Structure formats: C-alpha cells, structure tokens
Amino acid sequence: MELALSLGDNTKKQFSFMEKNSKINNPSVSSTSTSEKDLGFCMALDVAFGGHRSLSSSSSPSVEDEKKKPAPRAKKSDEFRVSSSVDPPLQLQLHFPNWLPENSKGRQGGRMPLGAATVVEEEEEEEEAVPSMSVSPPDSVTSSFQLDFGIKSYGYERRSNKRDIDDEVERSASRASNEDNDDENGSTRKKLRLSKDQSAFLEDSFKEHSTLNPKQKIALAKQLNLRPRQVEVWFQNRRARTKLKQTEVDCEYLKRCCESLTEENRRLQKEVKELRTLKTSTPFYMQLPATTLTMCPSCERVATSAAQPSTSAAHNLCLSTSSLIPVKPRPAKQVS
C-alpha cells in the first residue's frame with residue numbers, strides 16, 4: 001500500500017509511509033522545495049499484491065524515461081503469482097479556497113493546477129529509480145512486505161494432493177489386508193456339514209446329557225467320524241439355541257402376565273371411579289324423622305284399649321294398610 005502526495009506541480013513524485021531519514025534531517029530542503037510549488041494537494045492510494053508491488057519508499061521516474069525503457073520479461077518464479085490489479089490507484093484531490101492571498105497561489109499565471117495523478121508502474125522500474133528500504137537488494141523482485149498468494153496457494157494444493165494420495169494408498173492397503181484375513185478365516189473356519197444320521201445321533205446324545213467330558217467327546221467324535229473340536233462346537237451351539245428358545249418362551253409368558261395385570265388394573269380403576277360417583281351423588285331414598293307419631297287420617301280419636309278393643313284393632317289394621325303421614329301428637333281425652 002502506498003500513499004502518494006503532491007503539492008500543485010506536475011511531477012509524479014510519490015510519498016510512501018516509509019520515508020527516508022534524509023528528508024526529516026534536512027527540513028530546509030523540503031521547505032524550499034514546497035515554497036516553489038503550487039499549493040495544490042493530491043493523495044493517491046495504491047494497493048498491489050503478488051510480485052507486482054511492494055511497500056518501499058521510492059520516487060517514480062518521469063513518464064518519458066519509463067516509455068523508453070524496455071518492458072522487463074516475467075521470470076519463471078512469477079508464473080504462479082497473482083497478477084496485480086489494472087485499475088488506477090485511488091486519488092484524493094484537495095484545493096485551497098479562494099480567500100488565500102494571491103502570492104500564495106504560485107507562479108503559474110495565478111491559477112492553481114489540479115492535483116497531479118500518480119501513475120503506478122512496474123516494480124522493477126520503481127526499484128531501479130530509488131532503492132528500497134527493505135533488507136533485500138534494490139533490484140530484487142520480492143521484499144519483506146510482499147504478499148505472495150500464488151506460491152502459497154500452489155504449495156498448499158501440492159501438500160493437499162500429496163495427503164490425499166497417501167490416504168488413498170493406506171485405504172487400499174487396509175482393504176487388501178482385510179480381504180487376505182477373510183480368505184484365511186474362510187479356509188480355516190468352514191461351516192460344518194452333517195448328515196441326517198450324524199445330526200440325529202447328536203440330538204439323542206444331547207437329550208441324554210447337554211455337556212460332555214473329554215472322554216465322551218473323543219468317543220463321540222470317533223463314532224461319527226468327526227474331530228473332537230467339531231463335536232464340542234456343535235454342543236455349544238445347541239445349548240445356545242436351547243437357551244434362546246427358553247428365553248423366548250419366558251418372554252411370551254411374562255408378556256401375557258403383564259397384559260392380564262393391565263386389564264385387572266383397568267377394571268379396578270373403573271370400579272373405584274363408580275364408587276366415588278355414588279358417594280358424591282344424592283341418595284335415592286327419603287329418610288323419615290326419628291321422633292314423630294304417625295296416625296291414620298280416618299282415625300281422629302284415640303281410645304283406651306280396655307274401653308274400645310274393636311276400635312284399637314281397626315286402628316292397627318288401618319295403620320298397616322293406609323299410608324303413613326306424620327302428625328303432631330295430641331293429648332288423650334279423659335272419659336268421664
């Protein structure tokens with residue numbers, strides 16, 4: 001990135017961020033040079049990548065000298081670098097106002113020229129004009145501030161391609177080793193093929209005893225023309241199948257028990273709900289008061305049992321047959 005600054009003249013001088021110390025040590029030279037120039041102000045900003053530009057304090061040569069110089073040939077090392085942008089650099093032009101005194105406008109007919117545009121040329125031409133501030137020699141293409149994206153990206157691609165190739169080789173080797181292992185296992189571990197007679201004899205032996213001692217195993221292997229290891233493996237598999245079947249039967253039994261318990265629980269919950277409903281609802285029958293005297297409406301008089309036995313009998317019959325209505329008790333009449 002460069003920052004070019006000019007004051008009103010047509011010279012294409014650029015001022016970068018890293019100025020020489022000579023300009024700072026000799027302020028008189030800079031003051032005299034600026035006094036002879038117009039008060040125009042121009043600032044240019046240039047950004048370049050790859051091997052085209054680098055940060056260095058340099059003053060560009062004149063346009064005529066640059067046109068006379070032959071174009072430098074691109075080096076082989078620059079083939080992978082990103083080409084720099086063709087767009088012109090950004091420029092900022094500032095003019096002084098008209099209220100300044102006329103003697104400060106310069107010596108060019110009282111007119112202040114516009115800011116001179118800085119032209120960015122090739123790096124080799126710039127470095128030949130003014131030496132760079134970097135550690136590398138002036139005519140070198142690269143510097144410490146150069147951003148070389150092309151070579152970095154190319155190197156990254158090469159490393160990634162190499163890594164992919166190595167991974168592919170490892171995967172192919174692992175597949176080959178797995179296939180070899182499978183072939184070896186297949187040759188050594190073949191499935192045992194038994195005839196019907198051998199299977200029936202082994203089944204009968206398993207019903208008698210599910211486990212075999214070494215002597216029984218050897219005798220059974222000789223009788224069936226098999227190896228002792230094959231007989232042992234058959235018994236192990238038969239015990240595993242028996243255990244699996246028993247486990248399946250137990251699971252089915254537990255499943256049925258769980259279903260029956262679920263149905264019973266649902267029925268009990270339904271009964272509890274019905275009982276709670278009956279408890280909270282009103283009763284269907286009417287309760288009679290405890291301390292009331294009931295009397296038949298046809299019997300208005302109460303007589304003693306000795307005086308009128310027939311009347312009391314009729315009264316009792318009436319109480320048993322007629323409807324009962326609660327009435328208030330009356331005092332008994334005295335018979336004179």
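Residue positions begin at 1 at the first shown residue.
Using the three backbone atoms N, Cα and C, a Cβ is placed for every residue, glycine included.
The feature DNA-binding region is assigned by Swiss-Prot to 187-246, with sequence analysis given as support.
Annotation comment: Swiss-Prot describes 64-81 (among others) as compositional bias 'Basic and acidic residues'.
Annotated compositional bias 'Acidic residues' per Swiss-Prot: 120-129, in sequence order.
Residues annotated as compositional bias 'Low complexity' in Swiss-Prot: 130-141.
As annotated by Swiss-Prot, compositional bias 'Basic and acidic residues' applies to 160-173 (among others).
Residues annotated as region 'Disordered' in Swiss-Prot: 53-141 (among others).
Swiss-Prot lists 160-194 (among others) with the feature region 'Disordered'.
Positions annotated as region 'Leucine-zipper' by Swiss-Prot: 254-275. DSSP places the residues of the region 'Leucine-zipper' (254-275) in helix, strand and coil in these numbers: 22 helix, 0 strand, 0 coil.
Within the model, the region 'Leucine-zipper' (254-275) carries an average pLDDT of 95.
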